[in-house]
Amino acid sequence: MDYEALKEQWSEVEERDGVRLSWNVFPSSRMEASRLVVPIGALYTPLKEKPDTPLLQFEPVTCKQPCRSVLNPFWCVLHPLVSPCHNVTNQSHMTEDRHPSAKLYSKASNPFGSQVDVRARVWICPFCLSRNQLPPHYKDITANAIPPELHPANTTIEYRLSRPAPAPPIFLYVVDLCQEEDGLTSLKESLVMSLSLLPENALVGLITFGTMVWYNETQAQVHEIGYEGCAKSYVFRGSKDYSAKQVQEMLGLSSSGIRPGSHAQPGRPAPMGPASRFLLPVQQAEFSLTKALESLQKDPWPTANDRRSLRCTGVALSVAIGLMESSFQNAGGRIMLFAGGPATEGPGMVVGPELREPIRSHHDIDRDNVKYYKKALKFYDNLAKRTAHNGHIIDIFAGCLDQVGLLEMKGLCNSTGGHMILTDSFTSSMFKQSFVRIFEKDGDDNLLMGFNAVLEVLTTKELKVTGLIGHAVSLNKKSVSVGETECGIGNTCSWKMCGIDPQASYGIYFEVASQGPATHQQAPQKGMMQFLTYYQHSSGQFHLRVTTVARNLSGPAGDPAIAQSFDQEAAAVLMSRIAVFKSEVDDGPDVLRWVDRMLIRLCSRFADYRKDDPSSFRLEKNFTLYPQFMFHLRRSQFLQVFNNSPDETAFDRHVLNHEDVGNSLIMIQPTLDSYTFDQEGGQPVLLDSASIQPTHILLLDTFFHILIFHGETIAEWRKAGYQDQEGYENFAALLEQPKEDARDLITDRFPLPRFVVCDAGGSQARFLLSKLNPSTTHTTGPYGGGGTSSAQTIFTDDVSLQTFMDHLMKLASEVSGGRFTRAHGYHKLATRAAPGSGDSTVITRQVLNYHEF
């Protein structure tokens, strides 16, 4: 099968199951796996939207403890002697199977030996090889009438479990009042509007904070106390850290809140007790909460021109977490923080109140010149652990030109699966539209978000789980599926995601446990993995989504099927997540050297070349883009923090660890389209400085920015107003084309990207120039005596992709057996080479033409 057909096949699997694998044939031995360089990994999107995913209204058939794997299509081997059943159309759990491959499920096509014996009503689990009884209602199963979970097309299936959620979804707004009047007014409008987007039974509450923290009893003032039009609130000192017990006592909450193991009766609201004074259903609280929100005013505490506003963000979050912790343990809920600036007082402060004291930078952190960083980081990490343990989500919305402390608070979102939105102001469309999209609903009017999710991964004996990289925390569950090594959040096979949505993706890594292929095998052996995602659906019921993946194991050492199964796009994203994970604990140069070392080893292992002859270097088609991805990853803001604030770095890395393969690749290597008079619509062009031409318009998509760039001539014509004159309709249409395409890109993007329109030579053109491959610089163009060119000259000392590839081919061809022939050879990839390198080789031309694939 050629590469294009394989890509189509992998895309179909991703669309159906939400899974992309770095290797689609698994090595059969640990030794063979160690030579792959790129680990076996899966990018998994558990709640990927798929309209035809079956939703079964009964409990799944599971293996006995401790395995608990779920029956699925790969395990179906129907007994050939069973006679057809009758009246199967009257069985709600049966489907009349017309799938063309249904009758091909035999011992030969199911070589891992799992069986469903319908005469004895027994099935054998391939994970633990245990024999299990089928439920009584499976008595009518035949080759032509099988339950949905055994249908060959249903490799991903969802169950609606009988267990109801302990409480409706909870939304607790934590609002910063220390901000400009226009920003607060816009924020209030967004919050009032959001009440209409929530389910009627959703519980809502409000906390505001400034110099002191105010907890607004928006509902108690009407229903409990009886003072109409009088707001009652509990005040917490902004300089003191409160425990959950202290919050409970000060708010008058008893221990009768919702505890683990308690469940609401279907169709009835859960008993809430004293917490109902602070959190009430929207249908009851909408009027009074709207009134409370509209009455919010800018914090009256005076602020001198040389000082920052006194803001106790840490205490506000601590009180919110304490309230939820006291009354709604393991009940799905979101704490939504709206911060208008950095915390400057109390626990969690990230900078002092005086403006002459700058907030920390990356350089300060590297030099350990940070006064508040370590203490604040420890404080917020402890809050994150408490919140994740209780099953609650924390979202952070920053509306400020300055940093607000996202670097210190990142654990709150990363550990709980919350959203992180970084904007300049709450008046911006980026905040308003991103906030609204959080409350998007499906066709049944249910919110597209899940709560209290648990992801468990099971594997057959050939594979072991080494870890997960994504927004989750470990549940420290040990099993036979847990590997010896650790990658990311490892040493477990189960993780907790307090918040999960249809875009949330997780990188899961594996190792090979077997020592070699089975001898005298009649058919290719299979390695299997099963993903079990338990979560609280926004409808108020718990669901289980099951995805089962099976792939062939390789034959003897050197099996070419392994190399042919390499998915370079998934591999690039999985390796990027590892690099970002390493960046949190290692120095930046060490991470770059690791990226270079892995790239050289991979190319040395799978390229064709004559030793010490770089000109003979060739890569197969499914490897040619991978070096280019790594080149752009090295230059990206994920690893290069220069000229980025710590908050921006935390935000960018948070988003990368949330998105799937397609969106992650856009972040690593942005897309670039060109618009000219002699072509219809935008045409993909190289992400290269040579693509900048005076008569071209460029559309850049970095995921975080959508940028329209007008060439020098186009900009002059536009400023002269030709598009408004008669006879220049074609020029007006040319100017509109990229705008229409930009609107299409923005439509489904979350968070909303910044939209930038700039001209050649303008200050905002830097967003484009920083992403381009600098093939024409001051050393290679007219400034360096290299002749004339109409392409943009970029003033940089960064090496170009051509130079990078020349060094890669040279170093890879020097490596023998995956080992370097001289120490630190990989570091040459990061050095600056002299200008005037040789002509492009075949591999470089293949790599550059990204848009052809």
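Glycine is treated like the rest: Cβ placed from N, Cα and C.
TrEMBL entries are annotated by machine, without manual review.
According to TrEMBL, the domain 'Zinc finger Sec23/Sec24-type' annotation covers 110-138.
Residues or ranges marked as domain 'Sec23/Sec24 trunk' by TrEMBL: 166-439.
The annotation domain 'Sec23/Sec24 beta-sandwich' is assigned in TrEMBL to 450-553.
Per-residue pLDDT, averaged across the domain 'Sec23/Sec24 helical' (567-665), gives 96. According to TrEMBL, the feature domain 'Sec23/Sec24 helical' maps to 567-665.
Annotation comment: TrEMBL describes 682-768 as domain 'Gelsolin-like'.
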Counts by DSSP class (helix H/G/I, strand E/B, coil) across the domain 'Sec23/Sec24 helical' (567-665) = 61 helix, 9 strand, 29 coil
Secondary structure tally of the domain 'Gelsolin-like' (682-768) (DSSP, helix then strand then coil) = 40 helix, 20 strand, 27 coil
Reduced to three DSSP states, the domain 'Sec23/Sec24 beta-sandwich' (450-553) has 0 helix, 60 strand, 44 coil
